[in-house]
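Notes to accompany the following structure.
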Amino acid sequence: MSQSWVPAVGLTLVPSLGGFMGAYFVRGEGLRWYASLQKPSWHPPRWTLAPIWGTLYSAMGYGSYIIWKELGGFTEEAMVPLGLYTGQLALNWAWPPIFFGARQMGWALVDLMLVSGVATATTLAWHRVSPPAARLLYPYLAWLAFATMLNYYVWRDNSGRRGGSRLTE
């Protein structure tokens, strides 16, 4: 019996694994600290973040499956589009420990700018292989722009809080 669904499900779920690991930092003391910060009025309610990230992670994960399948697996030809994807995913997963764990809002902002750049490069690389896979990243790019602005305003408005006024430690 062929289990051709396994790569589709596996690659779709991979981004969420890092999201679950990052959730470790977004609880307890990290949440209390974040709740104490000044945030802009357009800050989304906390309950919306899990569904948003779940949807974005699933879309990017399925997009990676499309690229993987189109290029015949983890081939030399897949190195750039899947390598960029892996790089942006690692940078994405690094954000919660930087922001909530280390409370380094400035460095978290730098991380988000890097994620945005590498995610844009990923989208362009994917578009050459599969425009539908690239389109699955469009909502993610929009969310990254929003998240970057939110991170900036939180950093700016909380200067002097732990990690709020400095980029270097």
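Glycine residues also receive a Cβ, built from the backbone N, Cα and C atoms like all the rest.
Quantities reported herein were computed from a predicted structural model and do not represent experimental measurements.
Judged by membrane topology as recorded in Swiss-Prot, Trp5 shares a side of the membrane with Arg128. Highest Cβ contact count with the transmembrane segment (135-155) among the listed stretches 6-26, 47-67, 80-100 falls to 47-67 (criterion: pairs under 8 Å). Counting residue by residue with DSSP, the topological domain 'Mitochondrial intermembrane' (68-79) contains 4 helix, 0 strand, 8 coil.
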